[in-house]
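**Student:** For 14-21, 91-95, 153-156, the entry in Swiss-Prot reads GTP binding site, with the evidence type similarity to another entry. Among the features that Swiss-Prot reports, ubiquitin cross-link is placed at K438, K441, with the record citing experimental evidence. Per Swiss-Prot, the feature N6,N6-dimethyllysine maps to K55; the stated evidence is experimental evidence. Here Swiss-Prot flags K261 as N6-methyllysine, drawing on experimental evidence. Residues or ranges marked as region 'G1' in Swiss-Prot (evidence: sequence analysis): 14-21. According to Swiss-Prot, the region 'G2' annotation covers 70-74, on the basis of sequence analysis. The feature region 'G3' is assigned by Swiss-Prot to 91-94, with sequence analysis given as support. The region 'G4' annotation in Swiss-Prot covers 153-156.
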Amino acid sequence: MGKEKFHINIVVIGHVDSGKSTTTGHLIYKLGGIDKRVIERFEKEAAEMNKRSFKYAWVLDKLKAERERGITIDIALWKFETTKYYCTVIDAPGHRDFIKNMITGTSQADCAVLIIDSTTGGFEAGISKDGQTREHALLAFTLGVKQMICCCNKMDATTPKYSKARYDEIIKEVSSYLKKVGYNPDKIPFVPISGFEGDNMIERSTNLDWYKGPTLLEALDQINEPKRPSDKPLRLPLQDVYKIGGIGTVPVGRVETGMIKPGMVVTFAPTGLTTEVKSVEMHHESLLEALPGDNVGFNVKNVAVKDLKRGYVASNSKDDPAKGAANFTSQVIIMNHPGQIGNGYAPVLDCHTSHIAVKFSEILTKIDRRSGKEIEKEPKFLKNGDAGMVKMTPTKPMVVETFSEYPPLGRFAVRDMRQTVAVGVIKSVDKKDPTGAKVTKAAVKKGAK
């Protein structure tokens, strides 16, 4: 047995009709874990409904429908393998909460695959002022997705078909846009593909023999292996807390940074409750330690279920333990807010697993989105497309960290009017020590503070 392949997370972005589902579906279909029987069932249904155009998008539509109905589909369906990596598509867009998911997302994407519709009219719609191509690329960059692959899709439908001139024109325009966002286009492969016909997806296409670069599969293999933050102090935001008969209180969540293991003394922020971890489990198996990316349940001693809540963060009490934030300063980009945002604005922040109202107590500066340079001091308000530094005050105890130290706890979505109106990353946090924090007997025995 060789060394197990490295896991990477991919987010697929682009305008509504760019062919994201078809392209993603095609990869999963050809390289993935979808059972042949399931595919045959989908194909039969598609044929019955005369969806000739089915093929790959249909696969994804079925998966999405099942996912939205709350049927948890076998996550293997969203995975595929390249020569070097196991790839997971972390959120197929088109999903209502795509932006929110991308931010509070179950995981950080290692690479964004931007799908461009190369057809006449299609490309222009995607890149226009209202097109999602721009918004998604900006979002990916702001949230620290540093690597990107760009697919010029629907090359089978350009005029003339498989047109090099059209491809060149698109590259020029998209490069200049991605540069404005902050990416370096020289480092981005632009792969001409047809997600439907399969050109340059997995095998080289003879229709595109003027193109000498990598296929999509080869481009995925060329992604730089990301570093996982296991050497940082522990941060584990709680998703749920269960009471399990005969075992006791079991908080559940995903290790974002660091590691957790039995015998460790953990502190839960913001309350400061400190106790010992008795055991750590993943998929009903005991672990000696859990690392970043692992979704685990862990048993804690002498703690009532009511003392822990979703959004609390577990950390190692002896290694930079987490604390609640009195206030914090963030770099915010306003994305789709119809009016003006001034001091006193109080939306809801979605950050890791917490969902808490915060007040924009002070808009400090307006800045250039790309360079981060200050344009204006203490502006009266921010509006759509603006970026600024804002001091925020949570209305309830909340745990956040700076994006530079603990990325998953330092990026957030601002929600208002049932949509994401802004995104941001946290630059500094003013932390406060908890008062009257409970330390359990088990923790004292272990020599906690």
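Placed from the backbone N, Cα and C atoms, the Cβ positions cover glycine too.
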**Student:** When DSSP states are folded down to helix, strand and coil, where does K20 (GTP binding site) land?
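**Tutor:** DSSP call for K20 (GTP binding site): helix.
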**Student:** To the nearest Å, how far is the Cα of D17 (GTP binding site) from the Cα of the residue listed as 'N6-methyllysine'?
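**Tutor:** Checking the Cα atoms of D17 (GTP binding site) and the residue listed as 'N6-methyllysine' gives a distance of 46 Å.
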**Student:** In angstrom units, rounded to an integer, how far apart are the Cα atoms of K441 (ubiquitin cross-link) and G14 (GTP binding site)?
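**Tutor:** That comes out at 53 Å between the alpha carbons.
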**Student:** Would you mind reading off the Cα separation of G14 (GTP binding site) from the residue listed as 'N6-methyllysine', to the nearest angstrom?
**Tutor:** 40
**Student:** For the region 'G4' (153-156), what is the mean per-residue pLDDT, to the nearest integer?
**Tutor:** 92
**Student:** So of G14, K20, M155, K261, K441, which of the recorded positions has the fewest other Cβ atoms within 10 Å around its own Cβ?
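**Tutor:** Counting other Cβ atoms within 10 Å of each of the recorded positions G14, K20, M155, K261, K441, the minimum falls on K441.
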**Student:** Give me the Cα-Cα distance between M155 (GTP binding site) and K438 (ubiquitin cross-link), rounded to a whole Å.
**Tutor:** 63
**Student:** Tell me the Cβ contacts of K438 (ubiquitin cross-link) under 8 Å, same chain only and six or more apart in sequence, or just say none.
**Tutor:** T271, G272, L273, T274, D307
**Student:** For G14 (GTP binding site), what is the secondary structure by DSSP, using just helix, strand and coil?
**Tutor:** strand
**Student:** Rounded to a whole number, how many Å is the Cα of the residue listed as 'N6-methyllysine' away from the Cα of K20 (GTP binding site)?
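**Tutor:** About 40 Å separates the two Cα atoms.
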**Student:** Indicate whether M155 (GTP binding site) is helix, strand or coil by DSSP.
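**Tutor:** In the DSSP reduction, M155 (GTP binding site) maps to helix.
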